[in-house]
Amino acid sequence: MSSTDEHIEKDISSRSNHDDDYANSVQSYAASEGQVDNEDLAATSQLSRHLSNILSNEEGIERLESMARVISHKTKKEMDSFEINDLDFDLRSLLHYLRSRQLEQGIEPGDSGIAFKNLTAVGVDASAAYGPSVEEMFRNIASIPAHLISKFTKKSDVPLRNIIQNCTGVVESGEMLFVVGRPGAGCSTFLKCLSGETSELVDVQGEFSYDGLDQSEMMSKYKGYVIYCPELDFHFPKITVKETIDFALKCKTPRVRIDKMTRKQYVDNIRDMWCTVFGLRHTYATKVGNDFVRGVSGGERKRVSLVEAQAMNASIYSWDNATRGLDASTALEFAQAIRTATNMVNNSAIVAIYQAGENIYELFDKTTVLYNGRQIYFGPADKAVGYFQRMGWVKPNRMTSAEFLTSVTVDFENRTLDIKPGYEDKVPKSSSEFEEYWLNSEDYQELLRTYDDYQSRHPVNETRDRLDVAKKQRLQQGQRENSQYVVNYWTQVYYCMIRGFQRVKGDSTYTKVYLSSFLIKALIIGSMFHKIDDKSQSTTAGAYSRGGMLFYVLLFASVTSLAEIGNSFSSRPVIVKHKSYSMYHLSAESLQEIITEFPTKFVAIVILCLITYWIPFMKYEAGAFFQYILYLLTVQQCTSFIFKFVATMSKSGVDAHAVGGLWVLMLCVYAGFVLPIGEMHHWIRWLHFINPLTYAFESLVSTEFHHREMLCSALVPSGPGYEGISIANQVCDAAGAVKGNLYVSGDSYILHQYHFAYKHAWRNWGVNIVWTFGYIVFNVILSEYLKPVEGGGDLLLYKRGHMPELGTENADARTASREEMMEALNGPNVDLEKVIAEKDVFTWNHLDYTIPYDGATRKLLSDVFGYVKPGKMTALMGESGAGKTTLLNVLAQRINMGVITGDMLVNAKPLPASFNRSCGYVAQADNHMAELSVRESLRFAAELRQQSSVPLEEKYEYVEKIITLLGMQNYAEALVGKTGRGLNVEQRKKLSIGVELVAKPSLLLFLDEPTSGLDSQSAWSIVQFMRALADSGQSILCTIHQPSATLFEQFDRLLLLKKGGKMVYFGDIGPNSETLLKYFERQSGMKCGVSENPAEYILNCIGAGATASVNSDWHDLWLASPECAAARAEVEELHRTLPGRAVNDDPELATRFAASYMTQIKCVLRRTALQFWRSPVYIRAKFFECVACALFVGLSYVGVNHSVGGAIEAFSSIFMLLLIALAMINQLHVFAYDSRELYEVREAASNTFHWSVLLLCHAAVENFWSTLCQFMCFICYYWPAQFSGRASHAGFFFFFYVLIFPLYFVTYGLWILYMSPDVPSASMINSNLFAAMLLFCGILQPREKMPAFWRRLMYNVSPFTYVVQALVTPLVHNKKVVCNPHEYNIMDPPSGKTCGEFLSTYMDNNTGYLVNPTATENCQYCPYTVQDQVVAKYNVKWDHRWRNFGFMWAYICFNIAAMLICYYVVRVKVWSLKSVLNFKKWFNGPRKERHEKDTNIFQTVPGDENKITKK
């Protein structure tokens, strides 16, 4: 038992001894319990009262938490003999009560273990592949026929391999199995195979036995008893911890419960019990959160995942790398929580953990070791080390067992373990030799006997009967016997609905933004169409505007549902995980969305309708108004489920958005407004039958115009010469007009204009109801087939022509030795001692850092001092929140807020101007451009960060040296990629270090948590490289969180902090940590064991461990210690002796950037071009969007005729083309955001290049690709529509649309992104601005009909006004009008006159022509001669085309300027209200930039030139 366990148990004992009252209450309750058992308790629950007795008082909760910590340290074997005194604590009574009452009442727990033999998993051999690029995209397209042929002939050319093979083992109920293996060893595949999650594999072979049942039967009938828990925590971030756990428990509440508890009692009691055990009770009301939503901590989120999994009441749990990203303290708490669960409810746990400390390893009962997919050990955990020691390997002192077992699986040439003398030729060297040794060992034979014994002890029929009973007792009444789900379908829907309302409540910000967007847009639309007509009399002048407003409102209500695609993909990982847990049908989640989303959408539609109906003076009838609401609400629901259906059908968000954009275009074009039904081509007209907007638009328009009599606004003929003419000889110039009638019937108008009829209104609503339910059914059915996101190991992506030879088991080359490192960094034949003696020394003293916090201030660092000498590695340690990273950032001058005071000196002098350029900083997050190769990333850093005087060839030579030193030769041409498809964690960390090394940091190298997330061997490799780097003369300051003993002893010096940024120790570590341990053993009175990790020991001493507690203030102990006095004296001595040493203050290093501006442009432009070229998904999505949408528009308007309607169609088609730009801008935001994040996180802080270079280069390359896309748009739109082929027309359209318009929308899109905090915000701003520009450009509402304010301001400001004018004119210029029959104005001349005589005066003053001048009745007058006259009423003129061209250049220049200025103001400058109001400072001095970190921002305090403050 460890010292921690002893302290916990002593603490429990001492508490019970001094608390007789509580012990008496326990005894009284136990006595009463014996009486209560004999009474009828059908109406009450003994367990409920028993738990309430424990959990209702603070002492009970504290004892339960303490005892849970003791149990979490016990293995299954130790638990069998573990006894708890009833007077000490009543958890024993609780545990015994739970199990005994289950058995007494005939409740079958359903426990099960697992055994497997010769398990082999076959998968696709994907250890390396060619990296993505546009070239590879075309290669894949060209290879499609070959793939189809291979599928047809059933000859697959996909290489296969055994991911794991010949694995055998037994895990009994209540046992924990520790899976050891490096990344790529097959640990994840091993866990998935045992859990039945094998959909990603080609084949699974071997024997499985779940207490006798084979895997097929277990997965088909009892899937809920076996759970695979992925390494990532997928939860709905906006709901609370209590709501998350309650939902899981409700879905798994059994029908038969102990003591006939109600469902609510069961949920409340079990939740309180587990959350008390796992320390989550204080988080009940806190949101779960995620990486982007603030909530509980990462460790608490892991425990939420554990409680949720325990709520499943399963028998076998597989935890895949569950502690990745957690510090060692949190990882220990997590492992202890799993141990507690197995001991309390007798389930089994199979766990894979990286960098497991000895205290974690000791919790496990059994261990298996995997080496390149081969099993090389399975057996008791406490015998694993001995097995490999007998093999011949030597385990160093203080190396943890897990670290030793992992080290054994390293390739022989990189293996650092010693071999026993005489065993050099006996030990296995490769994975196949290890496997052969294992299969021939006595331990393997013992395992086979254990397997056979397990099989004999668990007859199949007995297990089947037992699990059948357990399952029947769990299934809710009415649930199918063979169902995998505990509660029935409608109960699932009900619980999902409750959670849905909780999600809506938790995400109130989204709801507010959603409703606000409807309110703002409604106000804009309402004011834009204000007083279409006078309330007392409608006129034909407002008819078009009335239809345009209805169409725009309908379009807005529908297109907002496009956000359903993003929402669907954000929630998919969570609901797919729940499906794998057998919690509920995915269709139940789909159904609940109908109910939970409806209130918000209903309120939004009501807001929209109230404003857009009454302000524009629509029909003043209550019935018409409520029909207006009904039609809009129905079509919104229908389109919402259309986009949900698109998301369900798609595998990725990129594909879904591309298809969704095409759907939007179809909905717009075939709604009946921009392309009337009568003008649709017969071969494509069927689209309007499946378009819900068609039915909704007809219902809206027909209801609005029904029984409306519109006074004619323009009679033909009229004007001079026709003053006294009779109405019998005139006709209204409006669709549906009847000669001789001053009024136009609304029903007649919509019939001739749109081919609509009022009698279809309610039929259309019924059709949309059918469509809505149809899409609901499609979505519900398809959602049941959603599959989890495909996973897999790290896949290296190589540039074509640089793929390494197949068959290598490891892609890493040997890391350089100390001698090679010294020669590469300092040159050959150098005197290392002299080099170190001449290097600068960095010191800091009396360092404080204070930040504003909640209206007050908080001190994060308090009186910190220390130094870093050349050739030494200094570790910076402390518990989470102690201020390690904060101190590192302060020393590296990467802080831009708060106040810093103290001394930071180089050679006892103020920091030189070259300080920033002389230091390197390796951040914890490995941020690199995914599309670059390792060599290209290093060359890019070298070109821009080394001095400009260094020749390019010399920079590249140095890059090759760094590649060799880091052992990256084998993957130097591999792309960085994303996690899982690209470099693994270790390779990324090496690249991060390499990027800083190629900059040649002559003074200091800062590293923040360089071993975080690595397995033990990878962490050892990184620290060994750092050690070699330090031995060559480099100064290193590194934060590290609870390293293993072997890693810890590589450091020379330690600076230890406690919470509040207070120092606890600074000094040498000493050989075998003797110097450090001597101090802490003296202060604490506790000895550090020989096998104990010194790093964990000192953290437990100061109270930083998972269960440690202290009574002394270690900061005060340190200040009073002689070690502190000696350390301060050392700092003072350095300050006294170092001033005579010269400081390297090269003037070239004093500049902020090493490279010139033009060099920065050249390098960044080249890198950006590579980024685009190697992003085929983005390029493919752009081209698909452009080609598909433009072709759709072109074919919809194919062969536009010479009629009046043809001119309007040309006008409307431009409206459709503008919508394509909206989709491209949204795609642009997502892609450009990654580059912005990379720059701001890493490159800006390291002064790699100026921020404006990023903006201009990205705009240039984005414009190039967008221009190619626009060219395809032109081809697919212009020629199918058969517009004018004259060079002056087609050439101008091409010039403007292909060459000028992309410049506009690219610079506009980047401007919006670069001033926005994130992509969703950018998309929201863009959609509102874009919609406003479309609304005010004159298409939906002609300029003359706009209110004066909008007409004078927004019409002239909207850039789309000039885009539309410029693009429409070449389509209609000089195109003769040939009116269709329904477009003629037909009237009768006065008696005795011909049509020509009657209309001659009118035609002299107006445009148009007369078809039958000699006729004496039914004069057919076409009001236009050429289509220019048709569009002239929209203020579109051919003579304005070059003016519009000039205006667009003005807008482009404005966008570029706005992009630069807004980025500078929003993301570069550090603003405060005081500085903004200080106008004098605006003109007299430069301000500090957010990304700038040069030392002139430090201001000296009068009287002390070395004292610095920073605000």
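Just so it is clear, glycine is given a Cβ too, placed from its N, Cα and C backbone atoms.
Look at Swiss-Prot and you will find 1-37 tagged as region 'Disordered'. The annotation ubiquitin cross-link is assigned in Swiss-Prot to Lys426. Summarising the annotation, Swiss-Prot assigns transmembrane segment to 509-529, 549-569, 598-618, 623-643, 658-678, 766-786, 1183-1203, 1205-1225, 1255-1275, 1292-1312, 1319-1339, 1445-1465. The feature ATP 1 binding site is assigned by Swiss-Prot to Gly878, Glu879, Ser880, Gly881, Ala882, Gly883, Lys884, Thr885.
In this chain, the transmembrane segment (1255-1275) does not touch the transmembrane segment (1319-1339); fewer than three CB pairs sit within less than 8 A of each other, excluding pairs fewer than 6 residues apart. A simple way to gauge crowding: the CB of Thr885 (ATP 1 binding site) has 16 other CB atoms within 10 angstroms, across all the protein chains here. Taking Cβ pairs closer than 8 Å, the transmembrane segment (1292-1312) reaches residues 1217, 1221, 1224-1225, 1228-1229, 1232, 1255, 1258-1259, 1262-1263, 1266-1267, 1269-1271, 1273-1274, 1278, 1283, 1322, 1325-1326, 1329, 1359, 1363, 1366-1367, 1370-1371, 1441, 1445, 1448-1449, 1451-1452, 1455-1456, 1458-1459, 1462 in its own chain, all 6 or more past its ends.
If one looks beyond the transmembrane segment (1255-1275) by at least 6 residues along the same chain, the residues whose Cβ comes under 8 Å of a Cβ in the stretch are 1161, 1164-1165, 1168-1169, 1171-1172, 1179, 1182-1183, 1185-1187, 1189-1190, 1217, 1220, 1224, 1228, 1232, 1235, 1293-1294, 1297-1299, 1301-1303, 1305-1307, 1310, 1314, 1456, 1459-1460, 1463. Within the chain, the transmembrane segment (1205-1225) has long-range Cβ neighbours (under 8 A, six or more residues past its boundaries) at 657, 661, 664-665, 668-669, 673-676, 679, 1182, 1185-1186, 1189-1190, 1193, 1196-1197, 1266, 1269, 1273, 1277, 1281, 1283, 1297, 1301, 1305, 1308-1309, 1312, 1326-1327, 1330, 1334, 1339, 1360, 1363-1364, 1367-1368, 1371-1372, 1375, 1377, 1380, 1383, 1424, 1427, 1430-1431, 1434, 1436. Non-local neighbours of the transmembrane segment (509-529) in the same chain are 545-546, 548-549, 552-553, 556, 560, 600, 603-605, 607-608, 610-612, 614-616, 1324, 1328, 1331-1332, 1335-1336, 1341, 1346-1347, 1349-1350; each lies 6+ residues outside the stretch with a CB under 8 Å from one of its CB atoms. Of all the recorded positions given, namely Lys426, Lys884, the one with the smallest number of surrounding CB atoms inside 10 A is Lys426. Here the C-alpha separation of Ala882 (ATP 1 binding site) and Lys426 (ubiquitin cross-link) works out to 48 Å. The number of other Cβ atoms within 10 Å of the Cβ belonging to Gly883 (ATP 1 binding site), over all protein chains shown, comes to 25. Taking every recorded stretch in 766-786, 1183-1203, 1445-1465 and counting its Cβ pairs under 8 Å to the transmembrane segment (623-643), the highest total belongs to 766-786. DSSP assigns Gly878 (ATP 1 binding site) to a strand in the three-state reduction. Taking only the Cα positions, the spacing between Lys884 (ATP 1 binding site) and Lys426 (ubiquitin cross-link) is 46 angstrom. If you draw a 10 Å sphere around the CB of Ala882 (ATP 1 binding site), it holds 26 other CB atoms from the protein chains shown. The Cβ neighbour count for Gly878 (ATP 1 binding site), using a 10 Å radius over every protein chain in view, is 24. Reported as a whole number, the C-alpha separation between Gly878 (ATP 1 binding site) and the residue listed as 'ubiquitin cross-link' equals 43 Å. When other Cβ atoms within 10 Å of the Cβ of Gly881 (ATP 1 binding site) are tallied across all protein chains shown, the result is 15.
Annotated pair Thr885 (ATP 1 binding site) and Lys426 (ubiquitin cross-link), C-alpha to C-alpha distance, rounded: 47 Å. According to DSSP, Gly883 (ATP 1 binding site) sits in a coil region rather than a helix or strand. Glu879 (ATP 1 binding site) is surrounded by 21 other CB atoms, counting those within 10 A of its CB over all protein chains shown. Reported as a whole number, the C-alpha separation between Glu879 (ATP 1 binding site) and Lys426 (ubiquitin cross-link) equals 44 Å.
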